[in-house]
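Just below is one structure, and these are the notes that go with it.
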């Protein structure tokens, strides 16, 4: 070969001496070695005869040959034997090696590399390009109209209503009445004194209005379910869950991963991602999961729940039989982004092992996933729908060998929207499996957990349910009645003046999120959107753009509220309060993760009172930082006026976007028709893909999930043609819900003590008969005769 011939020309033809030009010759030899290094595999296979001949040479000749080959094999060299001595350069690592995740220069957050190889090439409509063209066109046509616009803005500010009283009244904290009974009674007494002192005076000052807050009637009501503990449910839980093990010093000793007897490849993987010490949920879960027990785990957001179930899975898979490749683990997640992130976490933790992973989520190439599943990877991370698709339609893919099932964000997976898909998966997987469930708002309802097929699970609740982290500051901006329509003005004011970097804004609806995306673009705010109407490529691009700092705002629906771990998120803004406290906990959990600090702001109007009250009450119980932020009404009105002026531009952008989507759809249909003609025989030869539900059943499941999330309001809104409900309709619905809850009978204190049930029954019978007159029960209708005189 060429390198060897060059070496012969240097070493054999001419032997240099000290007096010769040694520098030039040495440089030439280095250049030869750097040009083409010999492969390592060649130096490993050395014939025995050659070894015997080489043993007769001097040791300095052996060293020279090793240097010529370009490397030294092993600790003791290529041809040396292991004499049992320890390498002098070896160092013991007693700690994890990395004190903090931020101090590790190699780790830059979880990426989407596992999904990119199965992604297509289409990018969809470039909304930024459309907005850029519209802005350039507008700026070019309105150069001479600067002065009239300035005058119009001054007139608009002069005509604006001064709502300072409303904003000062925000100090009553809109939901702060959710404290203890003593605080409520004290506030009520103060309110009565203030009202008596100011009776007959219409023009109270701002200070007086702050000093005498009037609590809302709904804030004083406490449901009977919160006051009385349901012992029947407690008995069910005691029978269903495994008995609590006595606390020992072993858990206290788990101050490091080394004390858990984990293998060295796993410890190296933990060090590479910056995990120095196990979190409480990890220190509790890993030893129990290694025993093969079922686990129901819950902890606050950002506490490392993914690593809590991935680490014991990897440790167990290190000792698997390796002769026949077998899929042994299935991890299910409710959203594609969460599954992709879980795949990234597991891949990095297993970077020093031979464990194989497969990502099977919707929106990515089926063929790529089928080819990976054909190799039978050890761990399959998937969403329920795509997993069922492969389970029914992919050849050479079987789930008979699955030994471990993990449900990430299990409370969401147990809701009505996933009920049918989850039942299909659970009935197909083997019964003798280990099952682990994790969530920040983990349910304790035994009736829901029974469906999963758990076998005496161990309940590991590190934190109380529906709890936020201590480092999170929660702020609420109250929108007084009549100002809900100016919500977008408040949002733009916050993003322009207060929170300008690394902000996630949550919306309830995809339509509003997309509308806000266009407004932000026209106002010059760099942003990206994330919701279900986008293609998977666009969704990944949006998350990566926000993660890399290319955009400052991520406008998302609740698609991004669960599990998404983006490094450095400083602020979360709720455009409106979510439907429940559980969703609120997951939303605000996108910031203040892994011990960092963060801020969550909620724009709350009157319909959001119920959720805000629950959030404030939960925050007060744990001592969280809760405050009310006051925004000047004039500032919000000025931004809302600018937004109203952009309505024509917004409609024009949406119209142009729709036209480009139609053109892209037509182009795709044309290519599809060409492929149908060109590959007709191959397409017809493919087996038809099947599903376990009909279209009618799928639609019913979607409606059930939507109804469980939004309640009766969604159905009533459809009845009114999709229009927003009036306050009157909303009050009717709330009254119906309260009446429905009141009809549900629960045991009281007397019934649990064995008393009161018969008495209550007698009272009900006597009340039905009528009032008692003269010691007798009067019958219904007109009384017969006069009562007896005494």
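The count begins at 1 with the first shown residue.
Using N, Cα and C of the backbone, Cβ positions are placed for all residues, glycine too.
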Name the residue range among 408-411, 412-415, 416-419 that Swiss-Prot annotates as motif 'DEAD box'.
408-411
Can you identify, from 705-747, 748-790, the stretch that Swiss-Prot calls region 'Disordered'?
748-790
These are the binding-site residues: 301, 303, 306. Which one scores highest on other Cβ atoms within 10 Å?
301
Using a 10 Å cut-off, grab the number of neighbouring Cβ atoms around the Cβ of residue 304 (ATP binding site), all chains included.
20
Starting from the Cβ centroid of 299, 300, 301, 302, 303, 304, 305, 306, the recorded ATP site, name every other residue in that chain with its Cβ within 8 Å, sequence order please.
279, 281, 308, 440, 593
Taking the Cβ of residue 300 (ATP binding site) as reference, which residues of that chain separated by at least 6 in sequence fall under 8 Å from it?
440, 462, 463, 467, 468, 469, 589
Cβ neighbours of residue 302 (ATP binding site) where a neighbour is any other Cβ within 10 Å:
22
